[in-house]
Amino acid sequence: MPTLMVQGTTSDAGKTTVVAALCRWLARQGVSVAPFKPQNMALNSAVTVDGGEIGRSTALQALACGLEPHSDMNPVLLKPQSDCGAQVILRGKVHGNMDALDYHAYKAEAMNSVMASWRDLSARYDVVIAEGAGSPAEINLRANDIANMGFAEAADCPVLLVGDIDKGGVFAQLVGTLALISDSERGRTAGFVINRFRGDIALLEPGLDWLTEHTGKPVFGVLPYLHGLVIDSEDSVSAAGTSEAGALKVVVPVLPRISNHNDFDPLRLHPGVDLVFVGTDEPIPPADLIILPGSKSTRHDLQWLKQQGWPEAIQKHLRYGGKLLGICGGFQMLGLKVEDPEGLEGEVGTTKGLALFEMVTRMVPGKQLRMVNGGLTSHVASTAVTGALKGYEMHNGVTEGAALVRPFAELEGRPDGAVSADGQVAGTYIHGVFDEPAACKAILAWAGLKTQGEQSVDYQRHRLQQLDRLADQVDQCLDTDRLRSLLQL
């Protein structure tokens, strides 16, 4: 079955967005299509229908296709644990920890997983839209490449090269990338897509004509800068720019190994929430609600919290009646200690927690990966909210202790998380707690948002609307006849 690969001249050129747009455009025409990312490096991941995990951006592209995410869609996922090492996920399951040099040597073997997943997807769907990583012209990474042209050559598929004009220098990026790849790779580069253009397209046309004449490659189209586009971000942490007067102030520390910060996307969109992310050495502002996010290295990030003065700020926050919520790794930090006897998240050892819950977390092999459904308990909501939670668990830790007798949620017959006796502190292992409107409304009411009215955001509906907006741009701005020909449709 046809495969088309989208590569970029740089990181953040718009590959993820273009792939999502193409997937949605094809799916709306009734084409059976699936996304594919051979290798991804990200701490934001999603649980798959087959009990694995893949990068969050690929899960978004699956949604664009109308599919549940599957491990075959992202066969190699690298989750950084330090500047020089990462946890390697192969076809959804933890393979082990590797430093950069070891992984570079391992890539030839990882390619077997990549090709096996691609073949399985190709057998199940009519079209596969693949996404590269970074740039195909990184000279130091070209040996044993599995993320860009290495995969395209093995799969014998055409490539679209995306450049971001908003950053400037797009013609140099496109021409320079072609100059640095091999003759064979240039031959399979079908053409260009220019992304994030602002202004009158007539002013750009002389440059487009020159680009085609100079390279012999067509420009498939120019996508505009889409103001107000909000879709899942995999790498960057950013807050919304506007909120209503009297909004609930929510503060989140940007942990060095923060993971799954997409948990906060519904709060970014909520008009009644003023969401603030606080980074290293930044002042900690007053808040109504502090949320400790997920972490790929709980003990490391717990030490960072202490160095940055968060325990003292949290104690002051609670004395003045503020609320505190911990999610996954953030929940683990609220206990007496976090033990890692096998060094699953870094060095072997034990780190004292914030001691706000009578509980202990122990890191054990065998990551918990599962989608969950359930409801909030009356400990955190004014009354129990049944059927309001849909999310996922993704953690190594096993947590035990007296604090768990007051659970945060009930998940199909089993408890999750904890709530303090005074109701000020809560914790949960569930990612996606704000995704469903009823749960989001109840948690924000617990945190102090008095009047919500019709403010709650239907996050899933919003995501689909944004994907449809992207697909509309394919119809309006790209050469769809040329695309169909490339895809043999």
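Just so you know, glycine gets a Cβ as well, placed from its N, Cα and C.
Within 10 Å of the C-beta atom of C328 (active site, nucleophile) sit 25 other C-beta atoms, taking all shown protein chains into account. What Swiss-Prot lists as active site, nucleophile is C328, and the listing cites sequence analysis.
Per Swiss-Prot, the feature active site maps to H431; the stated evidence is sequence analysis. In sequence order, N260, D263, G294, I327, C328, G391, Y392, E393, M394 constitute the residues six or more apart from H431 (active site) in its chain with CB-CB distances below 8 Å. The secondary structure of H431 (active site), as reduced to three states from DSSP, is extended strand.
Taken from Swiss-Prot, the feature domain 'GATase cobBQ-type' applies to 247-439, supported by sequence analysis.
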